[in-house]
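Trainee: Sequence annotations record features per position, and here Swiss-Prot assigns ATP binding site to Gly10, Ala11, Gly12, Lys13, Gly14, Thr15, Arg123, Thr132, Tyr133, Gly203 based on sequence analysis. Summarising the annotation, Swiss-Prot assigns AMP binding site to Thr31, Arg36, Ala57, Leu58, Val59, Gly85, Phe86, Pro87, Arg88, Gln92, Arg156, Arg167. Residues or ranges marked as region 'NMP' in Swiss-Prot: 30-59. Annotation comment: Swiss-Prot describes 122-159 as region 'LID', evidence class sequence analysis.
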Amino acid sequence: MRLILLGAPGAGKGTQATFICQKYGIPQISTGDMLRAAVKAGTPLGVEAKKIMDAGALVSDDLIINLVKERIAQPDCAKGFLFDGFPRTIPQADAMKAAGVKIDYVLEIDVPFEAIIERMSGRRSHTASGRTYHVKYNPPKVEGKDDVTGEPLIQREDDKEETVRKRLEVYSAQTRPLVEYYSSWAKTSPQAAPKYRAISGMGGVDEITERAFQALSS
């Protein structure tokens, strides 16, 4: 099972990725983890990436594709892999296609933006313990206070509505076009293209997992 998982920030990709990887016995690969591992291992590509990152520049798509090819050749990818947050742009998807990286499925978890904003901007956390709440779906017993210590809860910068909206704008401009890219590729050349599946990311975690498993067996 060689899989790309697509979806906006806050669509629940991370949660579903864990379940999918467990079911199929495959590793979850993100470009961030991959870069860190290559830098730590001191591979030639890792050394090159470190120089670029230390200079505050962005790692090129070519280098990332080479890292991807190196990563998926490792023994833990024998049964496949799940790409989370990669490819992020059309040029990356084109580069992956040109490099002959084979993908079986592209799975999109679709959640309306307004639902994501409500989901993320309603999160509250207790910094010391890591406990998290949601003003609507999992409220604390006393508004704004941690259930155990009674200490005040905070809203993380990442969860503020303005930040969430900005991240969704970036996603719309850069990554959302991949949905069209993979769905139209699947329609025009079904033999060569990965199977494209979209599921709703609304509802309970178990329901969404069930939808994901059904989509990946069809």
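From the backbone N, Cα and C atoms, a Cβ is placed for every residue, glycine too.
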Trainee: For the region 'LID' (122-159), find every same-chain residue at least 6 residues outside the stretch whose CB is under 8 Å from a CB in it, and list them.
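Mentor: Answer is none.
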Trainee: Going by DSSP, how much of the region 'NMP' (30-59) is helix, how much is strand and how much is coil, in residues?
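Mentor: Output for the region 'NMP' (30-59) reads 22 helix, 0 strand, 8 coil.
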Trainee: Out of Gly10, Gly14, Arg123, Tyr133, give those binding-site residues positioned within 10 angstroms of Thr31 (AMP binding site), comparing C-alpha atoms, in sequence order.
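Mentor: So far as Cα distances go, none of the binding-site residues lies within 10 Å of Thr31 (AMP binding site).
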Trainee: Distance between Tyr133 (ATP binding site) and Arg156 (AMP binding site) at the Cα atoms, whole Å?
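Mentor: Spelling it out, the Cα of Tyr133 (ATP binding site) and the Cα of Arg156 (AMP binding site) are 12 Å apart.
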Trainee: With an 8 Å cut-off on Cβ-Cβ distance and a minimum sequence separation of at least 6, pull the same-chain contacts of Gly10 (ATP binding site), or say none.
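Mentor: Listed in sequence order, they are Val111, Ile116, Arg119, Met120, Val164, Arg167.
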Trainee: For Gly14 (ATP binding site) and Phe86 (AMP binding site), what Cα-Cα distance in Å is obtained after rounding to a whole number?
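Mentor: So the Cα of Phe86 (AMP binding site) lies 13 Å away from that of Gly14 (ATP binding site).
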Trainee: What residues, ordered by sequence, lie under 8 A Cβ-to-Cβ from Arg156 (AMP binding site) and sit at least six positions away in the same chain?
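Mentor: Expected: Arg123, Ser125.
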Trainee: If you draw a 10 Å sphere on the Cβ of Phe86 (AMP binding site), how many other Cβ atoms land inside?
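Mentor: So the number of other Cβ atoms within 10 Å of Phe86 (AMP binding site) is 21.
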Trainee: So what sits near Val59 (AMP binding site) in its own chain, CB-to-CB under 8 Å and at least six residues off in sequence?
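Mentor: Looking at Cβ-Cβ distances below 8 Å from Val59 (AMP binding site), excluding near sequence neighbours, one finds Leu35, Ala49, Ile52, Met53.
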